[in-house]
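A.B. asks: OK, Swiss-Prot features for this one:
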TRANSMEM  26-46  transmembrane segment
DOMAIN    39-318  domain 'ABC transmembrane type-1'
TRANSMEM  173-193  transmembrane segment
TRANSMEM  289-309  transmembrane segment
DOMAIN    361-593  domain 'ABC transporter'
BINDING   TYR370, GLY400, ARG401, PRO402, GLY403, SER404, GLY405, LYS406, SER407, THR408, ILE409, LEU410, ARG411  ATP binding site
Amino acid sequence: MRRMDRWTVCRRLASMARPVSFLEAALMAVVAACIVLGKWFDVMSIKRRGLIINGLKDIKGMGSANVSSIYGDAAAFLVLRTLSSAFTESKAILFSAVTNRVVQASTSRILDLTMHAAHSCEIKPTELNRIVERGNRKISKVLVKTLTVATPALFRLALLFREVHAMFGPKYLVPILFTAAAYAAYTCVMLRIRARYRKEINNADNSVSRRIHECVSNVDLVRACCSEQFEVSRLAGEMETMWALKLSDKGCVGMTNLGQRALFSVLFVHVAFKGIADMAALRMTVGDLSVLFSFVLSIDASMWTLGGIARDLGFWLTDCTDLLCLHDGLERAAEQGPGAGAAAEGMAACPSSPPGEAAAVEFDDVSFAYPRSAAYPRSAHVLSGVSFRIMRGERVGIIGRPGSGKSTILRLILMLHRHKGRIRVNGAELWSASPRAVRGSIGCILQDGLLFDESILYNVMYGCPRAGFHRVLRECKNAGLSDVVRRKGLHSRMKALSGGEMQMVSLARCFLKDAPLMLLDEATSKLDAETERDVFGLMMGMRGKTIVMVLHDLWMTEHLDRVILVDSGTVKEVGTHSELMGLRGMYWRMKTASRE
């Protein structure tokens, strides 16, 4: 993935938080009003507290004071503090509606791009999920902390500086400004020092997670090779490296906090000495000194808040950068993917050729190679110069040795990969057709039967959500699933089914779609012999269907209209069972070997 600088990331995040509707713009205006009013009421409450202290001093010293005035100041202080708290809390609650919209839009867009860019990007599902989860969490933090915490803190600082100047003059404002500037400079320097650990910590964390995931995924291999202790030791070494980096980072954070606290402690002592001297000279009252102390402590709290956000912003932006780079990479892959040039949403159906001798599927000098990657520096050619025609209504079997490219042929028809050469489905050139329209006219079962960990009903109806219940039951029966439905029910989840039962669910889903073209990749390989023959007989009796099957069992070829034999990515033989047996070539040898 390409990287981007921090300013670009910040601009992208700001654009994501931009209001997208009048209601959201009004909500942002209310949030801004909450920020302004909340901090203004906070500063006013500090001044009111000084008046209360002055009144209490008069009671103790002279014994005469307007008690009702003190009560009024106390009531005003209570109202101001309550309003300040109410507005301060309201802004975060209101802004959460914006952050929720941003995260939802980001996640939906990533999922949409991932589905369109599948097989064009190298990222693994687990890695993609980790980046999206971390990135969305950190985007929320950046937006919330920046707009509802950092912005109010800056506004509060401006109000406090103004009030210090108005009430106490430059004599006190200058040292406060100098300390704030030193605080900011020191924080920036320490953040630069801390930044050197940031990337190493992320890399070490990812390395540990990847090591655990790979060990769990390949646990049988680890045990078979007696490498349990080796893997544990290797993981321990990587974790020691990670903890050392995190310890250094914590030390840097500790030094940052220590320096920040020391600066404002010195300022507070300086202000206290000057304030006490002014109070002794009757240039300042006790209440004024209390207000000044409160201002200094409030400035310290605001600077501490900003420093904390700046301290964590680097880590947050790292995950945000990963998510934005992932988004851009998926967008490029989707633009280069199958059917990217076609207006997928604007084409209602896949154009078809006039009836007659038009082919349902036609390959013309088609080649395909998996793209180069870090794992595979040399592109692996899977198909080379493949040409054949499958007529409408034909039942065709594709056979060959493992790795010969049989499954890839079906995947290319489904527009799951880019290819060289021409592929036509019902007379339509794939690259000028809508992927949605082409796939909508095809019922398919891919290798290893992809299913969701949901109910039988959910998986059977997947892609056909409006199918009637009676149709669902009928296709479950046709797929041999009736006994499973009676025993376990339609709401049983996939993990409660065996491999053969899962394959029946895939068959029922394909039958329910009732598409004119069916692509079946070893769709009955896990069924028992009786069920397999029943399902195969049902498919052979389907009228008006073009069926293309990748076969694992050669007994079926005798009942098909034609057989395509693929070897090493090229078509070696094409014909009926009897024709290929007469050639006494590869098909004859495979058939003879299967009977022995």
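Each Cβ is built from the backbone N, Cα and C atoms, and glycine gets one as well.
I'd like to know what surrounds each of these features in this structure.
C.D. replies: Listed by sequence, the residues of this chain that lie at least six past the ends of the transmembrane segment (26-46) yet keep a Cβ under 8 A from its Cβ atoms are 19, 77, 80-81, 83-88, 90-91, 94-95, 97-98, 147-148, 151-152, 155-156, 159-160, 163, 291, 294-295, 298.
Here the domain 'ABC transporter' (361-593) returns a mean pLDDT of 88 for the predicted model.
DSSP assigns GLY405 (ATP binding site) to coil in the three-state reduction, placing it in neither a helix nor a strand. The Cβ of GLY405 (ATP binding site) lies under 8 Å from the Cβ of PHE368, VAL382, LEU383, VAL386, VAL566, SER568, GLY569, each of which sits 6+ residues away along the same chain.
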A.B. asks: Given that the record lists TYR370, GLY400, ARG401, PRO402, GLY403, SER404, GLY405, LYS406, SER407, THR408, ILE409, LEU410, ARG411 as binding ATP, what is the largest C-alpha to C-alpha distance among them, in Å?
C.D. replies: 20
A.B. asks: Please give me the CB contact count at 10 A for ARG411 (ATP binding site), counting all chains in the structure.
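C.D. replies: A count of 21.
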A.B. asks: Give the sequence-ordered list of residues that share a chain with ARG401 (ATP binding site), lie 6 or more positions from it, and have CB atoms under 8 Å from its CB.
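C.D. replies: Counting only residues 6 or more apart in sequence, the Cβ neighbours of ARG401 (ATP binding site) under 8 Å are ASP567.
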